[in-house]
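Here is what Swiss-Prot records for this protein:
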- 7-27: transmembrane segment (TRANSMEM)
- 58-78: transmembrane segment (TRANSMEM)
- 88-108: transmembrane segment (TRANSMEM)
- ASP117: active site (ACT_SITE)
- 128-148: transmembrane segment (TRANSMEM)
- ASP133: active site (ACT_SITE)
Amino acid sequence: MKRAKQVLYLVISLLVVIADQGLKNYIVTNFKIGDEHTVIPGILSFTYLQNDGAAWNIFSGQMILFYLISIAAIAVVVYYLFNPKYKNWLFDTGLALVLGGIIGNFIDRLHLKYVIDMLQLDFVQFNIFNIADSAITVGIVLVFIYLIFMSEKD
């Protein structure tokens, strides 16, 4: 992968971390735990929660497990992101989003021992999540799209 593309994908990851940590800082500064504020009526609200587990609060309180999983996931993503064998923009963009999301939640776990969640979709019954979670989800979808529909063409 050319140096400029490597930098671009790292910038994407960095932007995810900055957006994630910036919104989390805003929420912590302006909300109390459980506070809800409508952003777009019927669509999106901010609701401040502290999650010491993973998705759906599974493995609650298992910080050592989350540290190990995060470090391993970062290593795997960085390996594939910088491996010249994998040079598709969709695959690499997906990995960059996943990397930024993992780092965003890892920062919370290291400093706070929990992850700050705040995004609530009001039009569907779904867990409250954050920007890092969204980046991981979108990134994984992009990687799967590449693997299912495009990888044999490369």
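Glycine is no exception: its Cβ is also placed from the backbone N, Cα and C atoms.
Bear in mind that the values here come from a model prediction, so they are computed numbers and not experimental data.
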In three-state DSSP terms, the structure that ASP133 (active site) belongs to: helix
For the transmembrane segment (128-148), distant same-chain residues with Cβ under 8 A (at least six beyond the ends): 16-17, 19-20, 23-24, 47, 49, 55, 88, 90-91, 93-105, 115-120
Non-local residues, at least 6 beyond the ends, that sit with Cβ under 8 Å of the transmembrane segment (88-108): 1, 5, 9-10, 12-17, 20-21, 24, 66-67, 70, 73-74, 77-78, 80-81, 114-116, 130-143, 145-147, 150-151, 154
Spatial separation of ASP117 (active site) from ASP133 (active site) - C-alpha basis, Å: 9
